[in-house]
Amino acid sequence: MSLGWLEDVAWNKEGLIPAIAQEDRTGQVLMLAWMNREALETTVQSGYAVYWSRSRKRLWRKGEQSGHEQIIKAIHLDCDSDAVLLLVEQKGGMACHTGRHRCFFKRLEKGNWASVEPVLKSPDSIYNNSDE
């Protein structure tokens with residue numbers, strides 16, 4: 001496949017683009033992460049979500065430690081070409097490193113952020129494999 005489509009992406013000055021992962025089955029927004037050119041290309045080639053970690057300065061395949069992979073169903077580029085939407089099948093039922101289904105679990109209620117989704121599995125058990 002030609003990679004000319006990558007030239008249509010409006011990368012920011014750091015060479016990144018925000019990537020929204022949305023659950024294909026439910027339509028729920030799971031998370032927001034960042035992709036560089038290599039991450040987006042690898043995602044397309046592998047069929048699994050691969051992001052760029054701004055803190056670790058490296059690629060990371062979603063689920064590489066937890067097993068909670070995201071299988072790509074479709075990829076959309078927004079009207080300004082500066083954000084991508086990944087429609088995914090979320091494996092393991094959790095997208096958030098906090099052990100919740102999605103990262104957007106805090107809702108503003110009366111001037112305070114309230115956690116409105118339960119922890120499905122403790123992060124310690126996810127990343128230390130202590131209960132597997």
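Cβ from N, Cα, C; glycine included.
Over in Swiss-Prot, the protein carries these features:
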BINDING   Asp78, Asp80, Asp82  Mg(2+) binding site
BINDING   Cys79, Cys96, Cys103  Zn(2+) binding site
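Location within the structure of each feature annotated in Swiss-Prot.
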residue : record              : CB count, 10 Å
Asp78   : Mg(2+) binding site : 13
Cys79   : Zn(2+) binding site : 6
Asp80   : Mg(2+) binding site : 7
Asp82   : Mg(2+) binding site : 13
Cys96   : Zn(2+) binding site : 20
Cys103  : Zn(2+) binding site : 18
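Apart from Asp78, Asp80, Asp82, the Mg(2+) site neighbourhood in this chain, defined by C-beta within 8 angstroms of the site C-beta centre, holds Ala10, Leu77, Cys79, Ser81, Ala83.
The two recorded residues, Cys96 (Zn(2+) binding site) and Asp80 (Mg(2+) binding site), show a Cα separation of 27 Å. Cα of Cys103 (Zn(2+) binding site) to Cα of Asp78 (Mg(2+) binding site): a span of 21 Å. Under the three-state DSSP scheme, Asp80 (Mg(2+) binding site) falls in the coil class.
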